[in-house]
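The substrate binding site annotation in TrEMBL covers Thr123, Asp197, Glu222, Lys252, Asp256. If you look up TrEMBL, you'll see Gly288, Glu289, Val290, Gly291, Lys292, Gly293, Glu309 marked as NAD(+) binding site. According to TrEMBL, the domain 'S-adenosyl-L-homocysteine hydrolase NAD binding' annotation covers 257-418. The region 'Disordered' annotation in TrEMBL covers 1-22, 50-71.
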Amino acid sequence: MKTEKTSAKHGSNLPPSSTSLGSLHGLVFQRKPFFSLRVFYSVISAASYTDSSDDETSPRDKQQKNSKGSSDFCVKNIKQAEFGRREIEIAEQEMPALMALRKRAQGEKPLAGAKIVGCTHITAQTAVLMETLGALGAQCRWAACNIYSTLNEVAAALAESGFPVFAWKGESEDDFWWCIDRCVNVEGWQPNMILDDGGDLTHWIYKKYPNMFKKIKGIVEESVTGVHRLYQLSKAGKLCVPAMNVNDSVTKQKFDNLYCCRESILDGLKRTTDMMFGGKQVVVCGYGEVGKGCCAALKAMGSIVYVTEIDPICALQACMDGFRLVKLNEVIRQVDIVITCTGNKNVVTREHLDRMKNSCIVCNMGHSNTEIDVASLRTPELTWERVRSQVDHVIWPDGKRIVLLAEGRFVLSITATTQALALIELYNAPEGRYKQDVYLLPKKMDEYVASLHLPTFDAHLTELTDEQAKYLGLNKNGPFKPNYYRCLGPPRKQGGLGRKELSALELVFASFTFT
């Protein structure tokens, strides 16, 4: 196989240090753009339109216009739009809840007047979300939260449809921050809502344009990394607006993190390494919902799976599910695959990497690339070989090599629907309902999102009788779980849904029935 050798030195172009909020930057936002195997399978599985003549030219240096004459976008090649539109149409068929929400609420335009600036993965699935937000009345400007995960043809299709999108696959770090700035810093347009995945967009506005928060109504954050930073801001008294924590919603934890990761881990590993799973020894670091999904998938394929965990409750769950609980040092010399799913930093250190066996595969299923100490591998004595897209061999002087997927950097209808409802709730909430703090999605919304997916499975819910509802102390139409019911972590503040304060949301829920 032809390989491309790269220098061990790794320059970076980080954004300038904060001026007005320097301590904030040091407190919560020291990180780089990331990539993870979680979204890798969608990136490499989609056939992509390519034009080699464009490869050498940065999109920032191109003069492109869509068919309407607009140039308010920056994508790899606007000519890819037709192919990208087909990708989006296919994704719509797999996102029944979001399409149902679009059909049900677009007549009332609950997001009319909303100016949403977003920073997420740009895939066919997130394109369906963006177009749904547009159908509900919002104006949107979008950048990618990930320098590798953008599907160029999808970005082109969105730009052709009139969405100001600034993203392409393979951005440099300078490109990454430039794209975010182009979304935010626009003459005659100022965002009043933020949809973020990882916290980079929120960080940029805090650092460069803090006065914008005077008009911003709220932040919706999807990832555990971004949510952690929001809680840090709140604890330090630096959070300027209400924020909705989508990551800890039951639908996100149970379905996106567990079931979607259960499929994507196998697909991503298979496509990048073409390996057999039977008999392989795997250590999964972290037994949250993402870790549970990874472990279940690998066990079903015949792998021998070990788990590392800091939480005794999650650790006991791993033991009861049939996995051996170990410390990473105990198995690092013998395992064939190391997978991180913690959201923490330096879970896999240089010492661990030095002790790994030859050809060990290392990948991250969490959001942040800090879980694996990749920076420690950028030293003169180690050689990097790029063997295929997002697959690197790191070679030690004695000839030992490890297989590093996507440099340790970081997929869906359920999460997208939850994000849309969170935006509707925060945008339409009366002044004073939410303080400058981090809130969970109201339980009613979680159940609503789940109910929208049931018709796809021809599923029929049993209805409580009046007597049963009275016995349980429940409303016949829900919510059926208390607000403190969560998959993970401590109780968080719950969003409120007073009947007299629903405004546009009341229209969304007016036809809400479990059938």
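Each residue, glycine too, has its Cβ placed from N, Cα and C.
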*Asp197 (substrate binding site) and Gly291 (NAD(+) binding site), Cα-Cα, nearest whole angstrom*: 20
_For the domain 'S-adenosyl-L-homocysteine hydrolase NAD binding' (257-418), mean pLDDT (0 to 100)_ = 87
*Gly293 (NAD(+) binding site): secondary structure state under DSSP, collapsed to three categories*: helix
*Which one is closest to Val290 (NAD(+) binding site) in space, judged by CA to CA distance, out of the binding-site residues Thr123, Asp197, Glu222?*
Glu222
*asked:* Of the residues named as NAD(+) binders, Gly288, Glu289, Val290, Gly291, Lys292, Gly293, Glu309, how far apart in Å are the Cα atoms of the most distant pair?
replied: 15
*How big is the gap, in Å, between the Cα of Glu309 (NAD(+) binding site) and that of Asp197 (substrate binding site), rounded to a whole number?*
25
*10 Å Cβ neighbour count around Gly293 (NAD(+) binding site)?*
23
*Candidates Gly288, Gly291: member of the binding-site residues with the richest Cβ shell (10 Å)*: Gly291
*Rounded to the nearest Å, what's the C-alpha distance separating Glu222 (substrate binding site) and Gly288 (NAD(+) binding site)? Just drop the number here, would you?*
16
_Between Thr123 (substrate binding site) and Gly293 (NAD(+) binding site), how many Å separate their Cα atoms?_
22
*Across all the protein chains here, work out how many other Cβ atoms are within 10 Å of the Cβ of Glu289 (NAD(+) binding site).*
24
*In angstrom units, rounded to an integer, how far apart are the Cα atoms of Glu289 (NAD(+) binding site) and Asp197 (substrate binding site)?*
18
*Provide, as an integer number of angstrom, the distance between the C-alpha atoms of Gly293 (NAD(+) binding site) and Asp197 (substrate binding site).*
21
*Sorry to bug you, but what's the C-alpha spacing from Asp197 (substrate binding site) to Lys292 (NAD(+) binding site), rounded to the closest Å?*
22
_Inter-residue C-alpha distance, Asp197 (substrate binding site) and Gly288 (NAD(+) binding site) (nearest angstrom)_ = 19
